[in-house]
Amino acid sequence: MELEKAVAGSGENGRKVNNSGRVRKWRKFGHNWREESKAVWHIAGPAIITAVSQFSFGFVTSAFVGQIGHVELAAVSEVQNVIEGFVYGIMLGMGSALETLCGQAVGASEVNMLGIYLQRSWIITGFTAILLTPVYIFASPILKLFHQDKHISHVAGKYAIWAIPQLFAYAFNFPMQKFLQSQTKVWVIALVSLATLALHSLLTWALVMKLGHGLLGAAIAGNVSWWVLILAQAAYIVSGRFPESWTGFSFMAFKSLFNFVKLSLASAAMLCLELWYFTAVILMVGGLSNAAVAVDAVSICVNLQLWALMVALGFNASVSVRVSNELGAGRPDAAKFSITVNTVTSAILGTVFTVIVASTVHQFPRMFTKNEEVMKTTSKLGYLLAATIFLNSVQPVFHGVAVGAGWQHIVAGVNLVSYYVVGLPIGALLGYKFHLGVKGIWSAMLGGSVLQTIILYFIIARKNWHKEVTEGDVHILYILVFLTRVFDAGLYIFNVSFTKHRLFKLRKE
């Protein structure tokens, strides 16, 4: 080092040495970036295909059921948005603990534990599905209890009971996806999901339209499609392609369940608080004076935002796998570099989507509605939607970091404060007290998301990756997020029912 300084100070020769060193440094950086990008896209690409494919199952069902009648469509919508919407976040969260443990086990070369972790996750998600089954069985009286239309609630109750097999499919699906993701076998999930989507479309058309089985046919098609997806993934896992990670069923799966449950609860709380936030915004908009127009406009924006989110979720899966692998291997610097690559790549794509939306604020609403008032209201939200899309290109990456590092409990607390202590209360004030309407509510929602992103950024940037959160802090946060999850679940169902009842009365008037 002293020699280089001496040479550098001697004139032209010193400058050449310095320039040569900088060139080598940038070449090494470029090489590392290309290699990490390959690893990122190897996971993110198939993960995006998987997310879009499985997200489309519900759209296909609604599209065909909508051809039967408005009552049937309303019933399916209530089941998808209220019953399944409540259940989905819990099931996905309870299965996400596997993402942390499997990823770190792969990084630490302890792949023999993956099969045990998978079976533990099945036990927990299966038991969770049993606990949630009454929500499906008593869907009709639950909806009626909250003043939903009796006829629609009755039809929705029947459909919910027929759709119970899908609940147990979730219990197997999420853990298997995390098991395969941790070993970068994501193309298998993507191809199976695409094939199953095609099968689901064909089955739904045949049973609903061709054979005329109506809602029963739609439920059967959904059940068959989900279980084909499950059986295909299970067959691949037990086929002998994973001799080290899958060695058969073992009683070891029943050991250390308590710690597994704690991490699962933290994951569920984190995801539920995130997934229910946008639904809560729609429900809040439903209380405005011109509710029908406002809800339609926000629904259009949320749907667009969700489709853009599917891309970001690919990088969520990628960064989760990469971070957990590198931490498990004891390479924290490599984990931080992967975070940078994932964040920048996702942000670039988010910028593209943002520019498209911002430059078509007066055109894109025409793709979804012919109502002039709805189009006008949607256009007013265009720039806020564009900002939300950009922000949501970064948020899921930070969430993936949390899952990969096992910080779900921290993010759950951040979500609680950002969304439910700041975002929603301010939205209520702006929308109702200050009469800013739907723009005020969406602005507050965006503000809550900005706060969450800033907090997560500083947590990641300042985190000592060589240390863990103290056990006492973890226990306190577990209790906090669990109680919050229970409270918000009840509040969520109440608000859905109240808002739909109010909209129903407005339409009758």
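Cβ atoms are placed via backbone N, Cα and C, with glycine included.
TrEMBL does not curate its annotations; it predicts them automatically.
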Of 252-270, 271-289, 442-460, the range TrEMBL labels transmembrane segment: 442-460
Tertiary contacts of the transmembrane segment (410-430) (same chain, 6+ residues out, Cβ under 8 Å): 266, 269-270, 273-274, 277, 280-281, 284, 398-399, 402, 436, 440-445, 447-449, 451-452, 455-456, 459, 469, 477, 480-481, 484, 488
Other parts of the chain folded back onto the transmembrane segment (381-398), taken as Cβ under 8 Å at six or more residues beyond its ends: 297-298, 301, 304-305, 308-309, 311-313, 315-316, 319, 339, 342-343, 346-347, 349-351, 353-355, 357-358, 360-362, 364, 411, 438-439, 442-443, 445-446, 449-450, 452-453, 456-457, 460
Contact between the transmembrane segment (214-237) and the transmembrane segment (186-208) (at least 3 Cβ pairs under 8 Å, separation 6+): yes
Okay, the transmembrane segment (122-143) and the transmembrane segment (155-174): do they have at least three CB pairs under 8 Å, pairs separated by 6 or more? yes
Same-chain residues near the transmembrane segment (122-143), Cβ under 8 Å, at least 6 residues beyond its ends: 78-79, 82-83, 86-87, 90-91, 94-95, 97, 152-154, 156-158, 160-161, 163-164, 167-168, 170-172, 174-175, 253-254, 257, 260-261, 264, 493, 497
In the same chain, which residue numbers or ranges, 6 or more beyond the ends of the transmembrane segment (442-460), come under 8 angstroms Cβ to Cβ? 277-278, 281, 298, 301, 339, 381, 384-385, 387-388, 391-392, 394-395, 398-399, 401-402, 407, 410-411, 414-415, 417-419, 422-424, 426-431, 436
